[in-house]
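Before any comments, here is the structure.
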Amino acid sequence: MPPLIRIDRAGLPMPQRYLIVAVTAVAAFWMYIDRVCFSTLAAPMERELLLPLAPEPTDADTLSNDDIAAAKKKKFGPNPPAGAELSPEDVVAAKKKKWADKRLADILGAFFLTYALFQIPMGSLADRYGARAVLTVSIAAWSVVTMLTGFVGGAVALVGIRLLLGVTESGAYPAAAGLVKRWARPEERGRFSSVVAFGGRIGGVVAPWLTAVLAAALAGVALVEWAITPSPAALDANEAPVNWRGVFVVYGLCGVVVALLFWLIVRDNPPGAPAPAREGGNDPAKLSLVTRFAALARSRNMWLFGAMQFGMNLGWAFLVTLLPKYLEKVHDTPLDQAGRMQTVALGIGCLGMIFGGVFTDFTRRWLGPKAGRAVPIGAALSGCAVAFLLIPHLPDAWTVVIALGVMAFLVDMHNPTIWSFAQDVGGKNVGAALGWGNMWGNLGAAFSARVLVELQHATSWNTAFTCLAGAFAASAVCGFLLDATKPVEEPAA
């Protein structure tokens, strides 16, 4: 009778290593569900929690052409008649909406701020104590925070919840990268990384549609009423009632189950095969956070890696933060349809993740370790810049969504290359190396919503999209300059 666990030529148990990667992908899937659902529910949350706090506008408060157009569409429909004008009350309401939009952008960005700042500390904890423990605690913690989102009673509490969500999710991908390195041979790292990242992207694809459906299905269902009395808020004419609070409670409960399954199934190292997970040099358990950070900060590669991800996420974050609001404001798209459109854009991106890992492993063999990592990253980001340059010239919402889908496709296609690059140069500190790049990338995402809202209110959405194209172009230059043959200098213990 053959053994239940077959050992391959590298001494790694084949069935178990695939199971480990699959369960890690499920964790990434649920992380993105909890992350993306917030933007889908932004409109009802803004109406209930932020608009009642808006101060009375003054003469110094102005409206851009986009603001006026959105207010006219809200009052007169998708095609306002020629000569249609806003009443003074409509102007006041539009200015209050503008104030609430800016506060919402800050709240959306709050998540990415702590998510960025805790990347290296959480990645270092995973390097020191193991990915299994760090990821299990992270999954359970972000699930509890997600559940608590359903009980917030005001804007301050919402900011605090978003900051906590960033802290609790920050260790997921750095820890997962270290786990992949321990269980995969070098030539498999791209494929294994692709599977984990693909799980996250699938969660992002499913989240808008599932969230919109669940919010409508839970309308009238008492899930949090015993703990909080929702603020009264009138619905717009084209909006159906939703229960956004109940969605967060349901998602949080499901996440706790995922954390339990992860702990029961995952192990840090392949049994009987510790050698592939260990390399020469100092034991990462003996290195302090400051020592790790200093080693990364001395690396030209790491600064290019961080700058590349900063510009990339400045643009990509639009998909998971402001896209539903943009569709509502510019194209008068209701919540359920905006959710479907967001799902389509993210779904197109997932197609890139499907073969991104195989592609990066192929380019490494074809072009060598240096160009095989740098060229896919630089080329993909150049394509993203072109996509954003085209958006101002597109005629309707669906063509914009398709263009954003192409951008997401290119980002997701080179995402496994980013993981593989961190694994190539990070040595035994893979979690900290990937955390460094993710830190800068998510700082870009933290600024994205507020920068875009300010640009849009000061000028127009078209100007904002052109600026994002410039950010992607700068990221592409940094990507072409990466060198996977130069590892981070090993710090002294």
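Cβ atoms are placed via backbone N, Cα and C, with glycine included.
Per TrEMBL, these features apply:
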type	residues	note
DOMAIN	20-487	domain 'Major facilitator superfamily (MFS) profile'
TRANSMEM	18-38	transmembrane segment
TRANSMEM	104-120	transmembrane segment
TRANSMEM	140-165	transmembrane segment
TRANSMEM	206-228	transmembrane segment
TRANSMEM	248-266	transmembrane segment
TRANSMEM	302-323	transmembrane segment
TRANSMEM	343-362	transmembrane segment
TRANSMEM	397-413	transmembrane segment
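Highlighted: of the candidate stretches 18-38, 104-120, 140-165, 248-266, 397-413, 397-413 has the greatest count of Cβ pairs under 8 Å to the transmembrane segment (302-323).
Most Cβ pairs under 8 A with the transmembrane segment (18-38) among the ranges 140-165, 248-266, 397-413 are made by 248-266.
Regional average pLDDT for the domain 'Major facilitator superfamily (MFS) profile' (20-487) in the model is 82.
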